[in-house]
């Protein structure tokens with residue numbers, strides 16, 4: 001797990017997300033506390049529980065983006081889910097325990113990837129031997145093998161096509177037992193059963209020598225790794241370092257005066273309670289305790305309020321962070337300052353057609369103004385509004401770019417207003433088009 005300081009985490013998030021200092025600080029402290037807990041010993045380590053977070057803020061201000069960037073930073077198993085995807089246990093649909101099963105799968109992939117790095121050198125040599133077997137046969141003399149090995153290492157054989165046998169890891173469907181909630185633990189995974197019975201299934205693939213290396217290195221790495229050890233390590237990592245991000249939590253809050261329980265509302269909240277508090281979930285790899293998994297939840301709370309959540313669930317989300325709506329200055333900074341800003345993306349896309357785009361300062365002001373106006377008059381969708389506006393402005397250039405190779409387009413305020421001004425003024429039209 002990464003041991004960035006809170007200040008480093010915030011500055012890393014600043015590269016991609018504008019504003020929202022409070023939310024960044026909250027997740028940075030939460031992430032650092034995971035590392036601090038790892039440094040403790042014995043009983044105290046068991047007692048320290050993560051402080052779960054509830055992010056509240058309008059759509060398009062960076063709630064989900066903060067979680068995505070945090071996952072990359074953490075180097076820890078991370079799963080993002082929408083609360084609306086789940087139904088109460090006993091109904092058709094996914095139950096909330098599936099979140100933890102997904103987390104374990106992600107942890108296994110993470111641990112396997114790390115372990116593969118440790119055995120990469122040995123796996124590379126084994127892969128080379130298998131390529132030689134495919135080129136000259138297993139019975140070839142050592143002299144022949146050596147001469148081909150030299151050619152291989154010089155890259156002379158890169159384009160030659162060979163047939164290789166690799167283990168077949170194609171996902172075969174799990175049998176699900178109707179009427180049994182949680183039966184999709186993977187009770188009877190037929191490929192596992194067949195694989196063990198027949199000593200591992202393989203399939204033949206045709207590929208060039210150059211392309212065969214990554215496939216064979218992965219295959220050989222897996223042979224060198226102890227799969228049981230990987231699973232045990234992944235279960236430990238899931239329990240100690242796992243982060244679960246639950247989006248749209250406001251959509252499962254019962255609205256005041258609303259009637260009907262709603263299969264995917266209060267029931268889902270009740271099912272989430274033990275998960276967030278700490279329980280043991282059965283997975284096909286073994287039981288996973290959720291006591292030390294960090295839960296970050298977020299919601300826009302346009303219609304409902306955080307107090308509409310079950311009181312017990314509110315109590316289990318002790319850290320509340322409010323994200324502010326974006327201002328005109330924020331829109332300007334989103335267009336220019338972020339690492340892969342929209343303007344940089346469009347310039348890069350057009351360069352593939354040998355078309356040069358230049359944006360003047362007043363164009364950026366105009367784009368920000370239009371986005372703010374539309375958010376105020378139509379519907380506030382935050383930073384996502386910029387994508388709509390940019391697409392509309394660059395529609396003509398994007399369409400004709402292949403015929404205009406070598407051309408340079410300078411986009412200024414006049415151009416922006418010409419393309420979008422009329423629509424922005426006519427509120428009825430902009431409701432449909434922007």
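Each residue, glycine too, has its Cβ placed from N, Cα and C.
In this view, residue 312 (ATP binding site) is surrounded by 13 other Cβ atoms within 10 Å of its Cβ, with every protein chain counted. In the three-state DSSP assignment, the secondary structure recorded for residue 312 (ATP binding site) is helix. Positions annotated as ATP binding site by Swiss-Prot, on the basis of sequence analysis: 18, 60, 61, 62, 63, 64, 65, 247, 312, 384.
In the structure as shown, the Cβ atom of residue 18 (ATP binding site) sits within 10 Å of 21 other Cβ atoms. Other Cβ atoms within 10 Å of the Cβ of residue 61 (ATP binding site) number 26 in total over all chains. According to DSSP, residue 18 (ATP binding site) sits in a coil region rather than a helix or strand. Across the binding-site residues listed here (63, 65), the residue whose Cβ sits among the most other Cβ atoms within 10 Å is 63.
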